[in-house]
Amino acid sequence: MAVVEAETRVFLEVRRRLQSALLILGEPDEGGMNLDISVTPTSLLMRSPDGCTEIRLPAGVRLAPSSCGGLQYISGDGLHLRLRAQAESSPQPISGFNQSLQAQECCSFYCQSCGEVTIKDRKLLRVLPLPSENWSALVGEWCCHPDPFANKPLHPRENDCFVGDSFFLVNSRSDLEQEPKANTKVICKRCKVMLGETVSSETTKFYMTEVIVQPSEGSFPNIPRSQFVQSVIARCLVELCTARSTFRFTIQGQDGKVYILLWVLNSDSLVMEPLSSSGCIRKFPLLEDSLEADSGSAWNAIKVLYQPCIKSRNKELASSWEGDISVHPLTLPSTTCLELLLILSRNNASLPLSLRQMNSFQLWCSHCKT
């Protein structure tokens, strides 16, 4: 095929379950030249008067060039092609708190923003998952008998850690000089970021987006903030979709206010976005610090539709979702909710134009570690 392009932005998404691929050859920023594109099972070959560029597909990914269909040109976006594809299955997602690794080990809790130690050398004898936050509502909706555990919170013992959807519960008595009061914020001593809150005089809740839990003999991992928040939320969504067949979520602050509506499209995508005019790999601007330099241009992704709910936007839709038992709430500090909304907006702006919106929702395409 021949098209007129200059610096061609190449975007490839492979859907593992559907065994299909979407290839987008973007429009040049300015000017243009003749460019011949050849698609082989394992690579894309682009020839121009200035030379030839080959983009190799990741190991385990193969295209079927003869299946090319749905060829169309979208103004402002470029040339779209759909092909059959094969890709190896991705590994199962790793739990946000690996129970088999952490139980029986001494761990330390760090503030993710500045590295300040919040809990030092805590030996965890039990690491247990908590029931869904919707559990009481589900019991009331589907069971003919009352919930015997209604309004009875679970409190961890000194060497316990209970894992919720977006938080950890730990016993706080042995780490504080004075007995904490219930319903007060836990603030980092160094950077003053809210890390969690006290549930009772002996239980502290830490939000997963605010703390890093490491074996005590390990060092604090310096992870860029936007990458960390994105990876935690993406991992939570993948785990909940897999375990509970839940695909709609509300992101709400600790004050109960809904900030974002999320609707998971799929988590089986393999995304590749190099730049054809050079040998180096161009990543999404937001993800440049989240992928190792030698990890290649392909990454597992979760695709999520989102709607912001700040400044009274989508108020009726948010109220409808809050009253729907199939919608799962995820609670974060209010400042992190706003931070996440900014991350989603920046990520959306980096996508090809035709992929940024679906009906009234916007698209978030996040790197998902496995």
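Any Cβ shown, glycine's included, is placed from N, Cα and C.
Annotated range for region 'HECT-like' in Swiss-Prot, selecting from 258-294, 332-368: 332-368. Your range for region 'Interaction with UBE2C', going by Swiss-Prot and the list 7-29, 30-52, 53-75, 214-236, is 214-236. The predicted model assigns the region 'HECT-like' (332-368) a mean pLDDT of 95. A coil conformation is recorded for C144 (Zn(2+) binding site) in the three-state DSSP classification, outside any helix or strand.
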